[in-house]
Amino acid sequence: MADDRVAILTEDEEELKRKHLERFDRLSLEIQSPSQPPENDVPNDTAPTPSPQHELSCCERLFLRVNRHLLVSKVFYLFFYAAYGSLHPLLALYYKQLGMNPTQSGLLVGIRYFIEFCSAPFWGIVADRYRKGKAVLLFSMLCWILFNAGIGIVKPPIMACKEETIPTTTKVPTVHPTPSNETFFPNTSSTSQMRRRRDLIGQYPWRTILSSGQSSGYISEHRIKRDSNLSFTPAPEELANTTQTNQTSTTTQPKPSTSISTSTPSSTNTTSSSTTKSTTTNPNLPPPEYNMDQVNAIFLLILLVIIIGEFFSAPAITIVDTVTLHYLGPHRDRYGLQRMWGSLGWGLAMLCIGIWIDHTSTNLIIGNMECIMKNYKNYHIAFIVFGVLMVIALIVATQFKFDVQHHDTNEGQEVGNQQENVQPRGSPGTRSTDTPTIVQAEEFHFWDLMRLLCGVQYSTVLFVAWFMGFGYGFVFTFLYWHLQDLTGTTTLFGICSVLSHVSELAAYFTSHKFIELVGHIRVLYIGLACNTARYLYISYLENAWTVLPMEVLQGITHASVWAACISYLSAAVPPPLRTSAQGILQGLHLGLGRGCGAMVGGIFVNYFGVAETFRGIGMASLVILLIFSLIMYITGQNEKKEDKMLAENIPIPSSPVPIATIDLVQNTADVAAPARPEPKLPARKTQHQQEQEDLNKPAWVPSGSPWVSVALLVYQIREMVLLAKARPTVEVQPLQGTDEVRSDSQEDQSPPVFSDAVQNENTPSGLQDHSGSPTAQLDVPTRDTQPPSQHIS
């Protein structure tokens, strides 16, 4: 009985503590009542279940540990990225087989990133404003299926084989000066393919004889122009009679024979031999000739389909990322565990499709000449598999729960709590007894962020991020193009995809330790050096299969560099502007960088070739590495200390860095105070801003779609403009350089309040105030004067 009472008291204390922390807008450290567990809270994938473990089998315990909401996200990522990986890496090769040049192929691949960069924020705002997230998601998935299938049903252009022959010569019969009724016998003893110079002296009697013989097929005093592309050989009946080394007739003086190449068969009324035309084909089949008018028409048609389809299909992955982050709640650092299933599906689908296409390659017969185009790839298999997998992803997408009511309820509770904290102060005859007035410590604006990023140190980091995105887009578009020129197969492409995605996953989950070990800037050095080695190695390839060792560097050149850039900028800017900084970085790296890599790289490939372009980008990477290291050496004199400081600011998901926050709360008293105007309340922070200011959350997560932060950036700017128009100017009190807090009025006789806030020595130089953390908040003392009480959270 005593134990039950203790348990009840413990539950009541926990409930009171939770309400007390929510009132002051502090992050609740998962203090929940055991009797009333929340229904919509999703703690993690590995939360223990209350069922008895000894009565369940291993498989049952495994299924019980998996959250159902996050299981939907995992399955969606698996099938969506499996569909994407089965088709889109091969689209450049499909365009090449349709007869397009590298410029056209690069434009069709790269324009997707620019359209997605513009349309994803638009659809995100529409879905949030009208609360139609699920409808927009399903419509976007349907557009993925229809418009990508439309690319596959485009009728290919007409192809014609180019005829090539081995040059041969035709031996004209040796003519002797005989009467017109005598038979001409050809000299068929010579089988040499060499042509001999005509004897001008011996040519004159020939012309006389041919002109005097009216039965001859040659026109007198005229020579027929020789065709350089056609060749003639003696007739088969003439070849059958070549049993003697030299066949002659009863003539007086034989003249030397000549080699004349004609385009018409020779025939006479006498018994003469006629030559027939025979062609000799090259065993190496030439590439087919495309009808360029049809190729250009197909290019414009596919370009129109991509522009329309990508505009409507762009918000799909953005909305799913948002829902998944909502499922995770405060455990956003586990986003990588959900997104990794997409990388797994991409690699496996690409490998299977590559093997399947290799085993179903056909020899295309063109025209009546039966010109065979070897190793003609049937890419319709990829389109069919893409459609099937995307339909499955569409079915899975119907299971997402857009809990708008619960989200609105939480926002309403937050507003209600803030109104409860404010209402007693404005009511007549009432006095605030336990609620302090919180004044925002410091307010940062978007232009402050732009002024920071335009500095030499951070602008060079942004340029490196753009260049790495440029290289990633070029490799995604033209690596398989180059390997196919080296007789690489689609099976090789699948193996390359598996290796690159495995290396990216390993790099994502070890990036924190890697950055902490060497520092942010040195990670960028290593990424540029690996880019140089990789591109130069690819440019000198002679065997396509030797590219496999360099595909392991994809994790360093993409994943590690991406994580280092996000972490570096996140630690440099204050938390209220962290989302804006990440949106700018993602737009430069994944939007503008990848798009320029595909489009500009296609122009370079069209003019210089694939290998030469790889070599040029590799040398450019080396030059940028040298310039970047020189700039960092000049601007960052204490680089080692700064990198160590930034690495320490990255909280580890398993053991976040504890940060002590001391709140100075003024209690009530019966001492009367003179009346004074009430201070203006600060602007209400949105839920997203509160999540961004939470220092217990990691500075970066492996992002699956870059447009989530871009949409939030646009929405945040719009919200700032509306708030600035709606509310009057709020007087903001800056942080004090000393520990003394000034009173709000000269008439206030309350003693000064001293703060013992803990300052973080590892805060990087940026927009943050010199007195401490940018999220530090001061509680202004009220009119009631009593000793302040300290609350540590």
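Residue positions begin at 1 at the first shown residue.
Backbone N, Cα and C atoms are what each Cβ position is placed from, and that goes for glycine too.
Annotated in Swiss-Prot:
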type	residues	note
REGION	28-53	region 'Disordered'
TRANSMEM	75-95	transmembrane segment
TRANSMEM	107-127	transmembrane segment
TRANSMEM	134-154	transmembrane segment
REGION	170-195	region 'Disordered'
COMPBIAS	170-179	compositional bias 'Low complexity'
COMPBIAS	180-193	compositional bias 'Polar residues'
REGION	239-288	region 'Disordered'
COMPBIAS	241-283	compositional bias 'Low complexity'
TRANSMEM	297-317	transmembrane segment
TRANSMEM	340-360	transmembrane segment
TRANSMEM	380-400	transmembrane segment
REGION	412-434	region 'Disordered'
COMPBIAS	415-434	compositional bias 'Polar residues'
TRANSMEM	461-481	transmembrane segment
TRANSMEM	489-509	transmembrane segment
TRANSMEM	555-575	transmembrane segment
TRANSMEM	590-610	transmembrane segment
TRANSMEM	616-636	transmembrane segment
REGION	674-699	region 'Disordered'
REGION	734-793	region 'Disordered'
COMPBIAS	757-776	compositional bias 'Polar residues'
COMPBIAS	783-793	compositional bias 'Polar residues'
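For the transmembrane segment (134-154), the most Cβ-contacting stretch among 75-95, 107-127, 297-317 is 297-317 (pairs under 8 Å). Counting C-beta pairs under 8 angstroms (sequence separation of 6 or more), the transmembrane segment (555-575) reaches the transmembrane segment (489-509) with 3 or more such pairs. Taking pairs at least six residues apart, the transmembrane segment (461-481) and the transmembrane segment (297-317) share fewer than three Cβ pairs below 8 Å and do not count as touching.
For the transmembrane segment (75-95), same-chain residues at least 6 beyond its ends with a Cβ under 8 Å from one of its own Cβ atoms are 104-106, 108-109, 144, 148, 151, 302, 316-317, 320, 338-339, 341-350, 352-353, 377, 379, 382-383, 385-387, 389-390, 392-393, 396-397, 400, 476-478, 480-481, 484, 490, 493, 497, 704. Contact between the transmembrane segment (590-610) and the transmembrane segment (107-127) holds: at least three of their C-beta pairs are under 8 Å, each pair 6 or more apart in sequence. Per-stretch counts of Cβ pairs under 8 Å to the transmembrane segment (340-360) identify 489-509 as the leading one among 107-127, 297-317, 489-509.
Beyond its flanks by at least six residues, the transmembrane segment (489-509) meets 85, 89-90, 336, 340, 343-344, 346-348, 350-355, 357-358, 377, 479-480, 483, 544-545, 547-548, 551-556, 558-560, 563, 702 of its own chain at Cβ-Cβ distances under 8 Å.
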